[in-house]
Amino acid sequence: MSRLPVMSSKRVLACSSAENAQDLAPAQKRLRKDADPVKPAATVIGTKRPALAATRAPLCVIKQSVASAAAKGGNMKQPVASTGTKTGGTQKRNPWDLKGKVSDMEDKVRNYQMKVKTLNQENEVLQDSVSQSQRKMVQVEKELQIQRSQIGEYERKLQVLAGVQDELEKVLSDKNFLQKELTNLEGKYKVMETLRDSQETELQTLKMKLSVQESTLARVQANLRDSEEEVRSLKETVAQQKDEIYAGEMERRRLHNTIQELKGNIRVFCRVRPLVGGGLPKHIQLATSDNKAITLAKTEESHTGKTADTQKNYNFSFDRVFGPRTSQQEVFEEISLLVQSALDGYNVCCFAYGQTGSGKTYTMEGDEFDETRGVIPRAVQQIFKAAGKLGEQGWEFTFTASFVEIYNETLRDLLYTGKSSKRPEHEIRKTASNEVTITNLTYERVINEDQVLGLIALANQNRSTAQTAQNDRSSRSHSVFQLDIEGVNAGRDVKCKSTLCLVDLAGSERMVKSQSQGDRFKEMTAINGSLSNLGIVIAALANKESYVPYRNSKLTYLLQGCLGGNSKTLMFVNIAPEPDSFGETLNSLRFASKVTGTPCPGGDSHSCLLLV
Ligand code: ADP
Ligand code: MG
């Protein structure tokens, strides 16, 4: 492609016509052959240049003139041949014809001169032609140069175009890729369109549902507004009723306390244990009219036999007398009112007094079965239940339990779980706020009934490990279970604090002095001393005496906070029904009577409380 302009240029430069250009080369060859033999002549004559017009004449014209000159030269020989003899076509002169020979020679010379002249002309023409050709060549070379630079230019463009080609190919492959993508997307689009259609349908359905629901919502909102209004008025009513409930609760507490006070802040219940074989003992008579009286009847045989046997009756009355068939539940119903008082903020103290085997432990702790459970587990159950209910009125309670044994005027922690060798000693102290506390004692925070029952079990375990078969320590020690109750009603800014004390006292039986020696005597003295003092303290409280000898025994000193003032004190006097326990039963009943300040049948008031 790049050669095309060059070729066309040559064609233009060589000759005006293709025919002349073809003829030029053989003409030149011919001229050189002919010129060779006359070379010396040409050097002689060559100085003479042909006319300018002739040199510029085209090559084809030169050819013609050479041809005509050759023809003329041929013609010049012809006259020479006619004047002499011919050899090989030429007439040969005779040896003598010198004149003719000279004439021939002259002819020849003329002929050659002509030829030389012609050749010179041709030479000039050719030189012109050569220089012309050289100029043209220079021209052509310039053009060639231009063409080459153009070619270079074209090649650069070509390279650029090759890059463009690559890019084009890349663009094409991209295009193919995009085409595929497009097809793919078109497919997806169709799927989406289908999806959109189905969703539009769904949307329509949902719109319809929405409008239905909107109208429902509007209706519900209207109802809600009404309800809110109702709730507001109900809240007001509830607040009002809460106030009324609180006022009612406070009133109930007041009335409950009034009733308890009217019943007596110090009460004594008598409980008769059933006979081991069942049935009722003859010497114990319970009043049928009410359940407050008990009579101990003693038949005295006539010593002479002349008179009839005499029967001596000892009549006692108490706040309540429970016969041998009274269930644990019935017994507790009476005490539950005092348990309620404990939650209301009053100290409550409940003792079980009586000889060993009279049923003190059965009354206070009972057996493990539901029906035979005693006062302590039932009281604990009631307290947690009632505390839960009071919680609804804004009360929050905290409970702290402790279990202590008093043996021989020494305190022992029944909730102690450490090594027995490291058992600490305890002392009763009074705090700055005049509260009684025991040093080193386990005070266990409890939150439910089960926890308390666990502690009672632990206490029993601790008690039984301290006793032997011969030495029933539990009957000669007092066990004191204390539950400290603290109630707070933050909303009303009210607090209450109380202690519920449930005491299983040591056996009250007297011993024959001669039989008790050593440790036994010491035990007896301690028990009788503390029980007597308990009786004196309670009697002093009942009689509202100015001096109450709390400090005379560990038991009364420990219970000081729970006795007196607004405190409620309840004493169970447990009696054994066996006839051989008559004397102890009588003593117990006398002691109990004295505690309440009632006349003491068959004895003076002081002797009733003095057991030793
Ligand atoms: P105490 O603690 O006064 O020494 P207990 O409570 O151990 O006496 O009672 C002695 C026995 O009599 C025990 O076996 C007990 O189960 C039984 N007992 C006591 N009171 C009753 C009662 N009200 N009903 C049935 N059994 C009783
Ligand atoms: Mg007991």
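Glycine too: its Cβ is placed from the backbone N, Cα and C atoms.
Annotation source TrEMBL lists ATP binding site at Gly354, Gln355, Thr356, Gly357, Ser358, Gly359, Lys360, Thr361. Sequence-distant neighbours of Ser358 (ATP binding site) (same chain, six or more apart, CB under 8 Å from its CB) are Arg273, Gly507, Asn574, Ile575, Ala576, Ser581, Glu584, Ser588, listed in sequence order.
Residues or ranges marked as coiled coil in TrEMBL: 102-244.
Feature annotation from TrEMBL assigns compositional bias 'Polar residues' to 80-93.
Sequence annotations record features per position, and here TrEMBL assigns domain 'Kinesin motor' to 265-598.
For 73-98, the entry in TrEMBL reads region 'Disordered'.
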Legend entry - Entries of Gln355, Gly357, Lys360, Thr361 (binding-site residues) sitting next to ligand 2, with Cβ under 6 Å as the cut-off: Lys360, Thr361
Inset, instruction - Give the sequence-ordered set of same-chain residues, not counting Gly354, Gln355, Thr356, Gly357, Ser358, Gly359, Lys360, Thr361, with Cβ within 8 Å of the centre of the Cβ atoms defining the ATP site. - result: Arg273, Ala352, Tyr362, Ser475, Gly507, Asn574, Ala576
Inset, instruction - Can you tell which of Gly357, Gly359 has the least company, meaning the fewest other C-beta atoms within 10 angstroms of its C-beta, among these binding-site residues? - result: Gly357
Inset, instruction - Kindly state the mean pLDDT of the coiled coil (102-244) in the predicted structure. - result: 90
Inset, instruction - Around the Cβ of Gly354 (ATP binding site), how many other Cβ atoms lie within 10 Å? Please give the count over every shown protein chain. - result: 31
Legend entry - Cβ neighbour count (within 10 Å, all chains shown) around Lys360 (ATP binding site): 29
